[in-house]
Amino acid sequence: MPKRSDIQSVLVIGSGPIVIGQAAEFDYSGTQACRVLKSEGLRVILVNSNPATIMTDPEIADATYVEPITPEFVEKIIAKERPDALLPTLGGQTALNTAISLHEAGTLEKYGVELIGANVEAIHKGEDRDQFKTVVEAVNARLGHGESARSVICHTMDEVLAGVEALGGYPVVVRPSFTMGGAGSGFAHDEEELRRIAGQGLALSPTTEVLLEESILGWKEYELELMRDKNDNVVVVCSIENFDPMGVHTGDSITVAPAMTLTDREYQVLRDIGIEVIREVGVDTGGCNIQFAVNPEDGRVIVIEMNPRVSRSSALASKATGFPIAKIAARLAVGYTLDEIPNDITEQTPASFEPTLDYVVVKAPRFAFEKFPAADATLTTTMKSVGEAMAIGRNFTEALQKALRSLEKKGSSFDFVSEPGDKAALLEKAAVPTDGRINTVMAAIRAGATQEEVFAATRIDPWFVDQLFLIHEIAEELRGAAELEPGLLAEAKRHGFSDAQIAAIRGLSEEVVREVRHALGVRPVYKTVDTCAAEFAAKTPYFYSSYDEESEVAPREKPAVIILGSGPNRIGQGIEFDYSCVHASFALSEAGFETVMVNCNPETVSTDYDTSDRLYFEPLTLEDVLEIVHAEQQAGPVAGVVVQLGGQTPLGLAQALKDNGVPIVGTSPEAIDLAEERGAFGRVLTEAGLPAPKYGTAFSFEEAKAIAAEIGYPVMVRPSYVLGGRGMEIVYDEPSLAGYLERHAGLISEHPVLVDRFLDDAIEIDVDALYDGHELYLGGVMEHIEEAGIHSGDSACALPPITLGGFDIKRLRSSTEAIAKGVGVRGLINIQFAMAGDILYVLEANPRASRTVPFTSKATAVPLAKAAARISLGATIAELRAEGLLPAEGDGGTLPMDAPISVKEAVMPWTRFRDPSGRGVDTVLGPEMRSTGEVMGIDNVFGTAYAKSQAGAYGALPTKGRAFVSVANRDKRAMIFPARELAAQGFELLATSGTAEVLKRNGINATVVRKQSEGPGPNGERTIVQLIHDGEVDLIINTPYGTGGRLDGYEIRTAAVARAVPCLTTVQALAAAVQGIDALTRDEVGVRSLQEHAEQLTAARRA
Amino acid sequence: MTTSAPGSRIPAVLVLEDGRTFRGRAYGAVGATFGEAVFSTGMTGYQETLTDPSYHRQVVVMTAPHVGNTGVNDEDPESARIWVSGYVVRDPARVPSNWRSRRSLDEELRKQGVVGISGVDTRALTRHLRERGAMRVGIFSGNALPDEGTMLAEVRQAPEMAGADLSAEVATEEAYVVPAIGEKRFTVAAIDLGIKGMTPHRMAERGIEVHVLPATATAEDVYAVAPDGVFFSNGPGDPATADHPVAVMREVLSRRTPLFGICFGNQILGRALGFGTYKLKYGHRGINQPVQDRTTGKVEITAHNHGFAVDAPLDGPAETPYGRVEVSHVCLNDDVVEGLRLLDRPAFSVQYHPEAAAGPHDAAYLFDRFVSLMEGQRA
């Protein structure tokens, strides 16, 4: 049966900003879906507030709305576009929840929009825990297998307490309903923990509902990915087994595909249950993910949960098997059946089959606890990782070791050299799941633990434990061998040892090991991910390396460009870089090159086998990249390697690649180095006559002290060569400086520390530009909303700049050009300036794609990354203008007067983290980047654009109610006008005594409320924190105090996070918010697609 | 080296009849073995595969790299012994892990004298077989291996699968009865051409008392048990040689006794109806094969193990001496005939394995169809 003919247009909802638990994987799935629907001839309307996504590229959908994903805004889009159908299953929990709200509000019915992909009843059955229990019972009645953990549903704390009794006591699992990534769930071992976790869970759940459940800690955990079509054909795409047993969120577990420790009988039981569950729930055109726990003692199967939509696991499963779940889900949603859809990889066989793997896939999570030192790093059922790496090998050991080195984090690979420590202590440590537990287990093995001891401590399946022992035995053999003979070396490589690991064990350098290995002819081969274990020929070159016999890389004619991706997402290096890599691939393919992508992040569009001509799913280390370059050079001509687009990861490899004879295209590694090295860069600035804040480079505390004394406190200190402001701090005095250097001894052991003058009260400006050696194209100028000192990644910004004039732009342009020329840029450069008084300081320059490239590209309707890729390979800006890739005239610095204003807002992961005693972590912004994602608000005026950015990031700004104001002394003057405006909008202002006094003296009425430190009043008057917790405050303005006092507002801000009250921590944000509230109040907020904005811009540019 | 299963120090060589060789390590018993090289793509179910009599005289290459992870238990074998003549894996488990596991696979292979090889590029070998077709192979292990020329000569002397009549070698010599589970509703005579244990079990679950008869059973033997239905099992070898079971089946068809065949049984039905059979280039062996039931249009994921197939027309019913027959099931990967159904008599068969051990249970409804046929005959 062909596709439905009654659907001509489809609205696809994306997943919004990258947050923990909902990341780039939904860009991957959404992009696939939009492309498929468009190729089916449907009009695709897309809404997603995240500008860093490929799916919001104007060519992916017919009408792209970068608007907040809230029922209000989506309704506006529906009213305008009148789509026939809404596909909500590809944008994570955000899309699903929005679709349900629209359904419940009657919006879908009102506009005659059909929900496709999943029906409301199925969504409820899958997501509502009570209903899902009924589903599992029905399945059990049919199969005699599968049950739910014994549980009780609770809506109040009293019910929660009674529930524990009913389950027979602690520990219990608490799971709030309808939250994504397991937000708010956890184990409660006693009443205190229970009250905390369940209290928060009740607050987080949109239905004020939590489920209490018997503990199945330590059981084996599995997942199945299933797809079903309207003819009731069901296939299991992939089985996944968690290395970490039950108790750790699957997003935080090391996971393995296919399942490794199930007999066929047990596997078929899971499969039967999975199929009956998808039928019973009623997902009839799409995919779902089902999680199981299996008791290792007797095989009892508990069905934990199901997601009636495309999920993070389905993205992983797609990459792990080559079966594109989202793409097929989109086809099923418009009426195709599985047997009508061809398998892309074989082209000859249909999608109605189950992939079989002749390799092993390991996914490892990437955490960012170093960014949140106060947060509890214990892994629980709430997801805390910010990214992941996937690796493929021909066996588990190879895949595991590749995955660990793909994480690209100090200490992530097994260490066989340093002193392991005390066995008993290590086993005790390994008993608690944390980031790096697997390394602790390896240390315990090295310290003499037996397999039984490791299992007893961790409950990690004995087969996996033995695999770790196997790795350890090889390491010992490497250590003990008289010489590195070919058999042993090959054996070590077959089990995933890197040259660096072998070098460390043998006391050699990595280069020497590599030379020996090459001399002995021990090199990897590249195998194909083909969905069918070689039963049919694969047409899609999706490769992974293995130390095996036969390589499958085919010769080619066209020159290849190898693009290095950005590796696992982490704070400071995320989807924005993937965006640039994907764009480079598209642009270079169009320009006649064969594109070769290298990346290890399964969440991304770059690792979709459709994106580039060839895909190598490989770690981004020097060794792995050199081998790929070698393999591709054997296959045909290689024009060069692109390193500037994937962020710090490929950039860090540039020089070493070049030293190994690999051609690097675009800005040379020497130029990159020039910009990073402060002394050399300082000379560039001096030659160009540009001021930079006073700074110095220190290799010791003595040097740092002298520099700081000369510059004058406060100073900003940070290690060189880091991204995302890792380790960056504002230091106010000498003791703090000493403390800083002690804390970051690890980071600065390899690189010196930079000490900069901290510019208080300066306006920070970001510029993205292209330079081809002759001409500069100013991509865009972004004015930060928060003052300098807050990491640019965490700061909101506006483009075009809202307070800069023509003269300023002119200065920015000439400075940018001078730097680009001085550094020797061929491609993109990002420069951060600070305007203090009337002086334009250069803070730093990065000759590479920046985090803001996608935002700038979307705000100005110019594909900067594509242009950069072309310039890297020799095109000039003039040529690109002639071609039409860049505008014929003008650039991002000469935007027409009526150009739309775009505001980028950062999204912070505060709600995800708690300290060990369960309190929230502080939300104050600083020089170290901590945001996970971003949204964009675009409109004709700043206020509306800012309001949209807030609605997209945190929920809409309030237009009435109570606003609490408490600001640092230095902000008190700047606060008066916006506060007056708030009062004029009808807000009741609350303030602590000091702030209230200032307001009153300026004729603004404010109600005095008690500080938390004052405690409740004699008549039970509540403190501000209590008021926030009681839901009586609608907006919070709380700017942190300067030196020493940064923790004063801690409890206010954490309460704001807990109650999801908008909380502004800078006075500049307050001013912007007031403009936004004004726009909202006047109800002037409309929606407009990027295509419409672009049309207006293009027309204005021509005029 | 302590890096893999015991015996791994011992070198082994796999030699294909076209001269390609793979070097690895001994796995299971040490010695020499010969057979037809075939690959199986199932990721689970090695115990069932090893004990499936249809693999008699075949050297099975496992495409899944890790084999033996769940050890060996006493419940999952499909027959009393391992039938594969040789076993090729990449990474054998050192430590089995499963609550039902009794011993390691390596131990079991050695106990049963099955010669295997580990540590070879099984994907390269699979691709070779895919491109060149299934062929004869030898595995040689031990510390003193003959030279390659000698090994190759030995491989080329081994018998070919085409023309091999093997049912009698694997089938039971004595008839036996598998009692119905619960209330007995029917009696079925099952001709054992290499029957898997799960097949009579699936029937027994449906109230069928199964009389399993030797491959040499005659029509008289079949009707001696007063069957409500007759079943022809799976089994090894070339269906072109199975003249005796074809003759027995024709008798069953003439008597209009409900008939069901699986795998080899499907090929025998094909021959009984006058169709030819032919050898597939590299066969279907795995548990992920999409088969479409042409009457309902539904797709089932099925377990396959066949190197031969029936040559019947796909484009509509054909006339046979027993009335019209249609191709009821096809494999969507390559349009191979996967099932036959008589329209005028109560008989049908499938080329794949609805008993599904190992494999998905999607096709279990076929046993219900058999029951319906027997019910229909009674009514």
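Just so you know, glycine gets a Cβ as well, placed from its N, Cα and C.
No curator has checked TrEMBL annotations; they are predicted automatically.
When secondary structure is read from DSSP and collapsed to three states, B:CYS263 (active site, nucleophile) falls in the coil class. Per TrEMBL, active site, nucleophile is recorded for B:CYS263.
Positions annotated as active site by TrEMBL: B:HIS353 (among others). Counting every protein chain shown, the number of other Cβ atoms lying within 10 Å of the Cβ of B:HIS353 (active site) is 28. Under DSSP, B:HIS353 (active site) is assigned to a strand (E or B) in the three-state scheme.
Counting only same-chain residues six or more apart in sequence, the Cβ atoms lying under 8 angstroms from the Cβ of B:GLU355 (active site) belong to B:LYS196, B:MET198, B:THR199, B:HIS201, B:ARG202, B:ILE262, B:PHE367. Per TrEMBL, the feature active site maps to B:GLU355 (among others).
Under the three-state DSSP scheme, B:GLY307 (L-glutamine binding site) falls in the strand class. The L-glutamine binding site annotation in TrEMBL covers B:SER54, B:GLY235, B:GLY237, B:PHE264, B:GLN267, B:ASN305, B:GLY307, B:PHE308.
Per TrEMBL, the feature domain 'Carbamoyl-phosphate synthase small subunit N-terminal' maps to B:10-140.
Annotation source TrEMBL lists region 'CPSase' at B:1-184.
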Rounded to the nearest Å - Cα separation of B:SER54 (L-glutamine binding site) and B:CYS263 (active site, nucleophile): 9
Chain-internal residues, separated by at least six, CB under 8 A from B:GLY235 (L-glutamine binding site): B:PRO53, B:SER54, B:LEU166, B:SER167, B:VAL170, B:ALA171, B:ASP192, B:LEU193, B:GLY194, B:ILE195, B:ALA215, B:CYS263, B:PHE264
Other C-beta atoms that fall within 10 angstroms of the C-beta of B:PHE264 (L-glutamine binding site): 33
Fewest Cβ neighbours within 10 Å, where candidates are the recorded positions B:CYS263, B:ASN305, B:GLY307: B:GLY307
Cα-to-Cα gap, B:GLY307 (L-glutamine binding site) vs B:HIS353 (active site), nearest whole Å: 14
Spatial neighbours, same chain, of B:GLN267 (L-glutamine binding site) - Cβ under 8 Å, 6+ residues apart: B:PRO239, B:ALA242, B:THR277, B:HIS306, B:PHE308, B:ALA309, B:VAL310, B:GLN351
Other CB atoms within 10 A, centred on B:PHE308 (L-glutamine binding site): 22
Non-site residues, in chain order, whose CB comes within 8 A of the mean position of the CB atoms of B:SER54, B:GLY235, B:GLY237, B:PHE264, B:GLN267, B:ASN305, B:GLY307, B:PHE308 at L-glutamine: B:GLY194, B:ASN234, B:PRO236, B:PRO239, B:CYS263, B:HIS306
Composition by DSSP (helix, strand, coil) of residues within the domain 'Carbamoyl-phosphate synthase small subunit N-terminal' (B:10-140): 26 helix, 50 strand, 55 coil
Model confidence over the region 'CPSase' (B:1-184), averaged pLDDT: 94
Nearest-integer angstrom distance between the alpha carbons (Cα) of B:HIS353 (active site) and B:ASN305 (L-glutamine binding site): 8
Other CB atoms, at most 10 A from the CB of B:SER54 (L-glutamine binding site): 28
Tertiary neighbours of B:GLY237 (L-glutamine binding site) (same chain, Cβ under 8 Å, six or more apart): B:HIS56, B:ARG57, B:MET161, B:ALA164, B:ASP165, B:LEU166, B:SER167, B:PHE264
